[in-house]
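Okay, so here's the structure we're looking at.
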Amino acid sequence: MSLMLEPNPTQIKEERIYAEMGLTDEEFAMVEKILGRLPNYTETGLFSVMWSEHCSYKNSKPVLRKFPTTGERVLQGPGEGAGIVDIGDNQAVVFKMESHNHPSAIEPYQGAATGVGGIIRDVFSMGARPVALLNSLRFGELQSPRVKYLFEEVVAGIAGYGNCIGIPTVGGEVQFDPCYEGNPLVNAMCVGLINHEDIKKGQAHGAGNTVMYVGASTGRDGIHGATFASEELSESSEAKRPAVQVGDPFMEKLLIEACLELIQLDALVGIQDMGAAGLTSSSAEMASKAGMGIEMYLDDVPQRETGMTPYEMMLSESQERMLIVVKKGREQEIVDLFEKYGLAAVTMGKVTEDKMLRLFHKGEMVAEVPADALAEEAPIYHKPSKEAAYFAEFQQMKMETPKVENYKETLFALLQQPTIASKEWVYDQYDYQVRTSTVVTPGSDAAVVRVRGTEKGLAMTTDCNSRYIYLDPEVGGKIAVAEAARNIVCSGGEPLAITDCLNFGNPEKPEIFWQIEKSVDGMSEACRMLQTPVIGGNVSMYNERSGEAVYPTPTVGMVGLVHDLKHVTTQEFKQAGDLVYVIGETKAEFGGSELQKMLHGKIFGQSPSIDLDVELKRQKQVLAAIQAGLVQSAHDVAEGGLAVAISESAIGANGLGATVKLDGEATAALFAESQSRFVITVKRENKEAFEKAVEAIQVGEVTNTNEVTIHNEKNEVLLTANVDEMRKAWKGAIPCLLK
């Protein structure tokens, strides 16, 4: 029972209780000035959570403004629950990615599960039906028992929620590096489909209209979750387990169906998910976006615990709840609709004209705050930025090609590195076929989901090589966007737009803020060049444990349009006799590479370089060749270089191999991680047409020998590897480490 007496306004100021809630002295003075008086305990809570980095982006807004956010297909950019992009035929794709890093570090199963639940709500709150889930995960090295536990529980949490709710988890990525040991990253992405006329906004228009609460009841879980996400993890974080919410996927499944039915009613004015900061953010944001106010009667909030205070109800982050505004007089229709699904829908307030958020409890007004002050007027900080000390040192290093004695052994060792190895152990736990629209299942460059009732598909991927970004944030930022687009193109899709999840350390450290600025500069430049605007996303700061930050990890979630499903292309070889081509030049670039990490146990030097003009030209050529029906298989060359890419294309096929000849110094030819490269196979009869359309070098052919043989330019064999043995090593690596 929380019947402890709340501190009064004078105590809050004199004892600096606001500081424990996350407000600085200057911020508290601003609140005092806005209100013209000292705030009470509930009001202090409202400001502390709405002005947290997690809700207000107060440290990152100046940087986020650099992103291009408009384009001819963009129907909704950043600022709503999720972004929306037109895909023709009166249809649109809705998508967004968010982090649930801090909760997952402490309570990995529920942290990951509720991350999935929250991102699904962001998508269906726009009026869209969720059709696919993806995720991007980062962990420490699997040798550590703690990391094994986090990895197994996070994957189980994602699977548990996604499988129950009946939305396929179709793709994602998992990378392992020591810097994530104490602070894993769990980024979840949801993609939905909508007809243009069904698009809804989270806005509270129309004075006198009714504010209703729908979905699950409110408990004490997740109070101050947004504030918890805006500080560094420490040993005492374990004590904050109550801040991790518990998800109920069956409740959410009912909520989706009820909300999608609700959206068809003209009674609905606005709808928003109660996510971070729960009732506070949904009410303040909906009022502020509409230029209105809201009055709420907290006695009417469905509560699953006794004696909850206004402070607790407003800050709870209990899951599976939405706030809606409906036309006055239509409330009973809404109640009946939700009752049909066994869900609560209660009237708890109304829209007002005076732009104030007013809260009443037990007949008394317990808070009166301008909605704009909470939602829009958080202070914005231009943090000091300073080039990281390591950067100049890395830039000046003379890069030497790593010494490799045995190419075959090295290839096998690379295939067994957890970052490269098969993620089948992960995605086998996910139901990626539910709804039966999945055209390309996990394991290829991008997943493809059918757009029902059409011949179109949506290609989708998450990408980010954090090592490159650590070595050179600006170049690494460009590479993250370019690689995502390359994966979409290899699957037969035209890249449309991105959502981003910016995972960084403590922005109050100038070297971290420099990483944020530079990587956003690089991403923005690539988004402009590749014409993939940023339509929404999420910032996750303070990803540190004991003062050590994670690698800068601005994850890119990209969606592309496959204009005709017959263009869908996958990475595995298709038939013996096809010609193997490599597009793009290989340089001796090993900085941040899988080979460098494997041989030295650390990364250093310069990241691979990228020329965005060249990248765009190659992507356009490859996509045109795929659409012309000239391409059998396509695979982006990424971690592990050409040897790994060719091996993966053979591993995915049945009984096929390849014989190829690679020019240049052998270690670089096999394992360097130069950008803007593709491995493509083409039917022999399409050789001339393909070579006319694409600048590519034929390096060999697909065989039915079940072996990959790679020669150097003198025709000497560098390595011969049996595909079954490679597959066994590649598939067995992660299960073996988990034993």
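Every residue, even glycine, has its Cβ placed from backbone N, Cα and C.
Taken verbatim from Swiss-Prot:
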{"type": "ACT_SITE", "residues": "HIS54", "note": "active site"}
{"type": "BINDING", "residues": "TYR57, LYS96, ASP500, GLY537", "note": "ATP binding site"}
{"type": "BINDING", "residues": "GLU98, ASN538", "note": "Mg(2+) 1 binding site"}
{"type": "BINDING", "residues": "SER99, HIS100, ASN101, HIS102, ARG121, GLN245, GLU317, SER318, GLN319, SER540", "note": "substrate binding site"}
{"type": "ACT_SITE", "residues": "HIS100", "note": "active site, proton acceptor"}
{"type": "BINDING", "residues": "ASP122, ASP273", "note": "Mg(2+) 2 binding site"}
Spatial separation of ASP273 (Mg(2+) 2 binding site) from HIS54 (active site) - C-alpha basis, Å: 16
Spatial neighbour of GLU317 (substrate binding site) that is closest, considering only the recorded positions TYR57, GLU98, HIS100, ASP122, ASP273 and their CA atoms: ASP273
ATP binding residues TYR57, LYS96, ASP500, GLY537: largest Cα-Cα distance, in Å and rounded to whole number: 17
Count of other CB atoms lying within 10 Å of the CB belonging to the residue listed as 'active site': 28
Whole-number Å value for how far ASP122 (Mg(2+) 2 binding site) lies from HIS100 (active site, proton acceptor) (Cα to Cα): 14
ATP site shell beyond TYR57, LYS96, ASP500, GLY537, criterion: Cβ within 8 Å of Cβ centroid: LEU64, PRO78, MET97, GLU98, THR499, CYS501, LEU502, VAL534, GLY536, ASN538, VAL539
Residue among binding-site residues TYR57, LYS96, SER99, ASN101, ASN538 with Cα closest to the Cα of ASP122 (Mg(2+) 2 binding site): LYS96
ARG121 (substrate binding site) and ASP273 (Mg(2+) 2 binding site), distance between Cα atoms, whole Å: 6
Nearest of the binding-site residues (LYS96, GLU98, ASP500, GLY537, ASN538) to GLN319 (substrate binding site) - Cα to Cα: GLU98
Per-residue Cβ crowding (10 Å cut-off), top of binding-site residues GLN319, ASN538: GLN319
Around the Cβ of ASP273 (Mg(2+) 2 binding site), the count of other Cβ atoms that are within 10 Å: 29
Length of the line joining the Cα atoms of LYS96 (ATP binding site) and ASN538 (Mg(2+) 1 binding site), in Å: 9
